[in-house]
Amino acid sequence: MSSHSHNGSVGQPLGSGPGFLGWEPVDPEAGRPLQPTQGPGLQMVAKGQPVRLSPGGSRGHPQEQEEEEEEEEEEDKTGSGKPPTVSHRLGHRRALFEKRKRLSDYALIFGMFGIVVMVTETELSWGVYTKESLCSFALKCLISLSTVILLGLVILYHAREIQLFLVDNGADDWRIAMTWERVSLISLELVVCAIHPVPGHYRFTWTARLAFSLVPSAAEADLDVLLSIPMFLRLYLLARVMLLHSRIFTDASSRSIGALNRVTFNTRFVTKTLMTICPGTVLLVFSVSSWIVAAWTVRVCERYHDKQEVTSNFLGAMWLISITFLSIGYGDMVPHTYCGKGVCLLTGIMGAGCTALVVAVVARKLELTKAEKHVHNFMMDTQLTKRVKNAAANVLRETWLIYKHTRLVKKPDQGRVRKHQRKFLQAIHQAQKLRSVKIEQGKVNDQANTLAELAKAQSIAYEVVSELQAQQEELEARLAALESRLDVLGASLQALPGLIAQAICPLPPPWPGPGHLATATHSPQSHWLPTMGSDCG
């Protein structure tokens, strides 16, 4: 199907040539006149953008498609006069979510890359080469480059968050989202991510007091120590990635239910969920990671003042951190510097918290479930019932034996009688004791009703009351209908005698008037016959 240009306005395709009466049609969304066609082909209009399909294929040329995509992007950036629809906003919000997730992943990758390179450079500069070497300078430049990229990714991440805020709240100005709290958090995050060992060799004098001898010690330390240890604060990016990749956070149904119940999906909620699902794994990973990081930090802090290489050795540092984490404190190893003491202090606090969590987790694992509690209580009740029955049977048996050896024999054996009397008293005391134990067991079972069971009983009672109320309302409706029917039946019964009398004794015909008499007089054929009186009167 091809289009041909003519001088007139008849036969022109849509959008080609001048319009009717010499004016050009204007695109309502783009705000510019439609472009005329430049060759044969079918032109289609979608969303105000002309797209030509050539006869040789179902699509246009790649260059034309790229130009059209660029024009659409420019229009999306400049914005049209029409407000965005709900579907457009939802699609834009979903795209922003995906971009934010990718930016968080890239930020974690570059942050971990900087930490790994920092640890490598610190270890190599201590045992292989010096800080003045070219390898150290190259590794520090690599750390600086990864830090710059990380800062850019953090800025882009917060820019996407601001865009999400604007989309969610329907705002137009990004400065509305820039509250003091958000600005402070962004500034703090940028400062944390910006700390890294800069290229070059810088030293300072580090003074400390040795642990056992209390002798002051001074050493020339590298400034990289103070700039390398804070780089572990970048591990907060791991919590952000866990939040954005959590199935609870990405599931739309979960977020909807959380929004209805006023639950905020943040890192704290995800951590609680993980502690509920797999508490042992979470505690193990956290403890081992903290152990390794703290041991390496103590090693770096103590290497300049530990002449005997006790705590500056990695295995020795791990031993010091482990006994501090478990709150044992043998005292065979102690840190010398305030840096090492601070790390040990934080390790002790984390160890106390993790120990409490371990105790709570183990106690919860060892606790019986509701079904297991019911089974255990039933078994104990059954055993107590059997023991009470056996004690009662022993009482009856000893009573019979006492009667037998005292009344049914000619010469009673007093020793045997006393023996059975002793057993009789023991059986009575045992039966009384078992009965008291059973009563106490019943009290414990009554007290074992948890709030969940009470709530369940309350819901069952509410359902029963609701059902009774519905039945009562239905019964009242039936009684009202029955009363109306009884009223109708009573009215019918009251009218029944009159209807019966009317049916048995019909009314006499009306007496003839004067006109009828004259007619009867003049009419020779009419004869009036008197009627006989009847019993009905």
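Cβ from N, Cα, C; glycine included.
Predicted, not measured: the structure shown is a model, and the values here were computed from it.
Residues or ranges marked as compositional bias 'Polar residues' in Swiss-Prot: 1-10.
According to Swiss-Prot, the compositional bias 'Acidic residues' annotation covers 65-76.
Swiss-Prot lists 314-334 with the feature intramembrane segment, giving sequence analysis as the kind of evidence.
What Swiss-Prot records for 1-90 is region 'Disordered'.
Per Swiss-Prot, the feature region 'Segment S6' maps to 343-363. Residues of the region 'Segment S6' (343-363) grouped by DSSP class, helix first, strand second and coil last, total 21 helix, 0 strand, 0 coil.
Look at Swiss-Prot and you will find 381-460 tagged as region 'Calmodulin-binding'.
The transmembrane segment annotation in Swiss-Prot covers 108-128 (among others), and the record cites sequence analysis as its basis.
The annotation transmembrane segment is assigned in Swiss-Prot to 137-157 (among others).
Residues or ranges marked as transmembrane segment by Swiss-Prot on the basis of sequence analysis: 176-196 (among others). Counting only same-chain residues 6+ beyond the ends of the transmembrane segment (176-196), those with a CB under 8 A from a CB of the stretch are 111, 114, 118, 143-144, 147, 150-151, 154-155, 158, 162, 165-166, 169, 227-228, 230-231, 233-234, 236.
If you look up Swiss-Prot, you'll see 225-245 (among others) marked as transmembrane segment.
Swiss-Prot lists 274-294 (among others) with the feature transmembrane segment, giving sequence analysis as the kind of evidence.
Secondary structure by DSSP for the region 'Calmodulin-binding' (381-460): 71 helix, 0 strand, 9 coil. A Cβ distance under 8 Å defines the sequence-distant neighbours of the transmembrane segment (108-128), meaning residues of its chain 6+ beyond its ends; these are 135-136, 139-140, 142-143, 146-147, 149-150, 153, 193, 196-197, 222, 224, 228, 231-232, 234-235, 237-238, 240-241, 296, 300, 303. Distant neighbours of the transmembrane segment (137-157): 100, 103-104, 106-107, 110-111, 113-114, 117-118, 120-121, 124, 186, 189-190, 193-194, 196-200, 234; these residues of the same chain sit at least 6 beyond its ends, with a Cβ under 8 Å from one of its Cβ atoms.
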